[in-house]
Amino acid sequence: MPGIHLDLKGEPFVILEVSLDTVRRVNGLRTGRIVACVEPLVWPAYQPFLALFPAALTVWLLLQAPEVLENGRLLFEWQWVPSLGISLSFLLDGLSLLFGLLITVMGACVLVYAGGYLKNHPDLPRFHFALVAFMVSMLGLVLADGLFTLFIFWELTSITSYLLIGFNHADINARKSARQGLFVTVAGGLALMAGLLLLGIASGSWSLADILSQEADLREHALYTLC
């Protein structure tokens, strides 16, 4: 009489997978409960002080104004990939100082206004995070001296603007507008990347300060019309 054969091959792995899935679900529920309990206590506490961040940046920019007016510009540089000659550099001159102040002052005002306008909105923390990230990206963009730094902050503005446009993600029109905005900025970013590469090759430098200092020579370069 034939016996019953049970193929147990792989059963321990199935049990392990089920156990891990159960642990993940339990941890997810616990984390969700912790966040739900802590957020109402923490969020109102720091919300009024959130605008102090762009306000502090505004004060810092104003403190640099006398030196910028005296010397024409300030350069801040940190080595990023020394072997490739790539550094994280920022240039503060009259124009970037003006735009930097516009960004930080407007950022502080919008944070204060949004805190009141969206006071009871459940996703207000997410909006504030996206807004601060967008403000920092814009500030990095206008202060960037290195071509790579400029491109990175351009892409960050693309991502953060996508998050802001699609903030009301339950609305299909908001999602559609966010995708359209992302497409336009990413397409523009590709064109920008090509132009920056040509500019760097033509000038032999990846610093905007160095490139601007050899403007006359660049006009005679064969790649100038493509840049």
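The chain as shown is numbered from 1 upward.
Heads up, the Cβ atoms here are built off N, Cα and C, so glycines get one too.
Look at TrEMBL and you will find 80-127 tagged as domain 'NADH-Ubiquinone oxidoreductase (complex I) chain 5 N-terminal'. Remark: secondary structure over the domain 'NADH-Ubiquinone oxidoreductase (complex I) chain 5 N-terminal' (80-127) totals 31 helix, 10 strand, 7 coil, with classes taken from DSSP.
Look at TrEMBL and you will find 144-214 tagged as domain 'NADH:quinone oxidoreductase/Mrp antiporter transmembrane'.
Residues or ranges marked as transmembrane segment in TrEMBL: 45-63 (among others).
For the transmembrane segment (98-115), the list of distant contacts is 47-48, 50-51, 54-55, 57-58, 61-62, 92, 124, 127-128, 131-132, 135, 138-139, 142-143: same-chain residues at least six beyond its ends, Cβ to Cβ under 8 Å. The transmembrane segment feature in TrEMBL is assigned to 98-115 (among others).
The feature transmembrane segment is assigned by TrEMBL to 127-144 (among others).
The transmembrane segment annotation in TrEMBL covers 182-202 (among others).
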Quiz item: List, by number or range, the same-chain residues at least 6 past the transmembrane segment (127-144) whose CB is under 8 A from its CB atoms?
Solution: 47, 50, 53-54, 57, 89-92, 96, 99-100, 103-104, 107, 110-111, 114-115, 118, 121, 150, 152-154, 156-157, 159-161, 163-164, 167, 208
Exercise. Give the residue counts of the domain 'NADH:quinone oxidoreductase/Mrp antiporter transmembrane' (144-214) per reduced DSSP state, in the order helix, strand, coil.
Key: 57 helix, 3 strand, 11 coil
